[in-house]
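Everything below concerns the one structure shown next.
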Amino acid sequence: TPEELAALPHDDRGTTILVVHWTLTSFATIFLALRIYSKNLVGRKLWWDDHILIAAWCLIVITSALTTCLVTESGLGHHSYDLYISDLARYIIIISVRATMTITVTGWTKTSFGITLLRLTSGRTKAFVWFCILSINATTIVSAIIPWAQCVPLSKTWDPHMTGGECWAPRVGTKIWIGLGAWNAMMDFVLAALPWRILRDMQLRTKEKIGVTVALSMGVIAGATGIAKCVALPNLGAGDAYNEVELFLWDITEGTVTLMAACIPTLRVLVRE
């Protein structure tokens, strides 16, 4: 009844979602611009790891724009009973596209850092880095297509009232995401630990060696955000859209933080200069 509805909480975290998304997008833009500037400063051309980061940044900007549409057009950040969705199919499609993009961003930024490590490795260590890169991309591809693979026919994904067709049981996709997300978070910690092994025997001053190693180990922060996202994933489809806000915050955080972590080693040039 109207009286019962009025007695319910009417929280709104839409502004928080927008501030977090666009603040992190701005920081990612600054870090990437400084990375490119640093390479130009020392006369180095952009390599594959740079181009992958640029592509990931483009997806970050698109993700923030899509999230802005969800907040302004549908009231994302409110409780489910306060959402004002005029076109359910459009809402679900934007949610699915956004999920695919945030997952892809995370995979690409991790891949970029792995490609950077390939330049510093050889032999078995290099083969292991390739294994990490391939496994990250395999899990990324599977995770990215989950929003589009849960229903047959595909159109039932954004039209749940369609007669006929079948969809996965509730939370199957979420459980797969948690498992794959945990694997990728572990890969972050593995790739962050590799520089300590790679640079251990290099002929560098102790201060320089520590600085390079720490800079290359910033992926630990990305791994921590990945774990936080896995913790927030069970809120997906929990019955109230308001509970999903944490997931919207952590998935953009994981991608942007991973991008910034991948840029930090190159920014040492600015510090040195």
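Numbers here mean position along the shown chain, with the first residue as 1.
Note that Cβ sites are derived from N, Cα and C of the backbone, with glycine treated the same way.
Per TrEMBL, the feature domain 'Rhodopsin' maps to 34-272. The transmembrane segment annotation in TrEMBL covers 15-34, 46-68, 88-108, 128-149, 176-198, 210-228, 248-271.
Within its own chain, the transmembrane segment (15-34) is flanked in space by residues 53-54, 57, 60-61, 63-64, 67-68, 71, 76-77, 245, 248-249, 252-253, 256-257, 259-260, 263-264, 267, 270, which lie at least six positions past its ends and keep a Cβ under 8 Å from the stretch.
The transmembrane segment (248-271) shares the most Cβ pairs under 8 Å with 46-68, out of the stretches 46-68, 88-108, 128-149, 176-198. Within the same chain, residues 17-18, 21-22, 24-25, 28-29, 32, 35-36, 39, 76, 94, 97-98, 101-102, 104-105, 108-109, 111-113, 115-116, 248, 252, 255-256, 259, 262-263 sit at least 6 positions outside the transmembrane segment (46-68) and bring their C-beta atoms closer than 8 Å to a C-beta of that stretch.
Within the same chain, residues 52-53, 55-56, 59-60, 62-63, 66-67, 69-70, 74, 136-137, 139-141, 143-148, 157-159, 184, 226, 251-252, 254-256, 258-259 sit at least 6 positions outside the transmembrane segment (88-108) and bring their C-beta atoms closer than 8 Å to a C-beta of that stretch.
Looking at the domain 'Rhodopsin' (34-272) alone, the prediction's average pLDDT is 87. Through the fold, the transmembrane segment (128-149) approaches residues 95-96, 99-100, 103-104, 106-108, 110-111, 114-115, 117-118, 121, 157, 173, 176-177, 180-181, 183-184, 187, 190-191, 194 of its own chain, all at least 6 residues removed from its boundaries and within a Cβ separation under 8 Å.
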